[in-house]
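> According to Swiss-Prot, the record shows the following:
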type     : residues : note
SITE     : TRP12    : site 'Important for substrate specificity'
ACT_SITE : ASP69    : active site, proton acceptor
SITE     : GLN70    : site 'Important for substrate specificity'
SITE     : GLU154   : site 'Important for substrate specificity'
Amino acid sequence: MTRLVLASGSRWRRQLLDRLELPYAWAAPDIDETPHPRESPQALVHRLALGKATALAGEYPDHLIIGSDQVCLFDDQILGKPGDAATARANLQRFSGQRVRFLTGIAVIDTAHARHWVDHERYDVIFRDLSETEIAHYVDREQPLDSAGSFRMEGLGITLFERLEGRDPNTLIGLPLIRLCEMLREAGLDPLG
């Protein structure tokens, strides 16, 4: 049986992968996530997703290793995780009534056969008009300081949106399951057996 590894320390990504009911291990890779000068958002998420999976390749021979990474784009700028409540509030104030794009890179490497697949999924969030009070209450309650976009889709973040647009809502949480299943089938592992 093919052995599967998730290259992530994120409990949200593990919860998503659990939905496929496949046995897997997980480990948090340690890579430099700094964007390169003039690197496009697509190139960045491809590089980081593949880099996370590759970082674990030596520890997991004969495995399929999944890596993913996400960026938030607003006004043609890549926004990182807010890190503090003031930045999270400022981001959400900027997003009020606006469209924000998320790109999630996904990579699968097959260490047994020295091959890999890399892609990304796009997902757009259209925020409703938000009051300063709503933003303050949301940030105080959810503390989305380590989340791209300054919100958590898997929590109260859903209350901030007017609508969502994209192929796979799991993309917004950080692991596009539809594309992952396609990649796993290409690698010879059908989640349905």
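Placed from the backbone N, Cα and C atoms, the Cβ positions cover glycine too.
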> Compare the C-alpha of GLU154 (site 'Important for substrate specificity') with the C-alpha of each of the recorded positions TRP12, ASP69, GLN70, and give the closest one.
TRP12
> Which of the three DSSP states, helix, strand or coil, fits GLU154 (site 'Important for substrate specificity')?
coil
> Need the DSSP three-state call for GLN70 (site 'Important for substrate specificity') to compare against my parser.
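Reduced to three states, the DSSP call for GLN70 (site 'Important for substrate specificity') is strand.
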> Could you give the Cα-Cα distance between the residue listed as 'active site, proton acceptor' and TRP12 (site 'Important for substrate specificity'), in whole Å?
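Counting only the Cα atoms, the answer is 13 Å.
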> What is the Cβ neighbour count of GLU154 (site 'Important for substrate specificity') at a 10 Å cut-off, with all protein chains included?
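By my count, 16.
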> Any idea what the Cα distance is from TRP12 (site 'Important for substrate specificity') over to GLN70 (site 'Important for substrate specificity'), rounded to a whole Å?
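About 13 Å separate the Cα atoms of these two residues.
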> Report, as a single number, how many Cβ atoms besides its own are within 10 Å of the Cβ of TRP12 (site 'Important for substrate specificity').
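Result for TRP12 (site 'Important for substrate specificity'): 17 other Cβ atoms within 10 Å.
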> DSSP on TRP12 (site 'Important for substrate specificity'), three-state: which is it?
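Assignment for TRP12 (site 'Important for substrate specificity') reads helix.
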> Under 8 Å Cβ to Cβ from GLN70 (site 'Important for substrate specificity'), same chain, six or more residues apart: give me those in sequence order, or none if nothing qualifies.
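Listed in sequence order: VAL45, PHE102, LEU103, THR104, GLY105, ALA148, GLY174.
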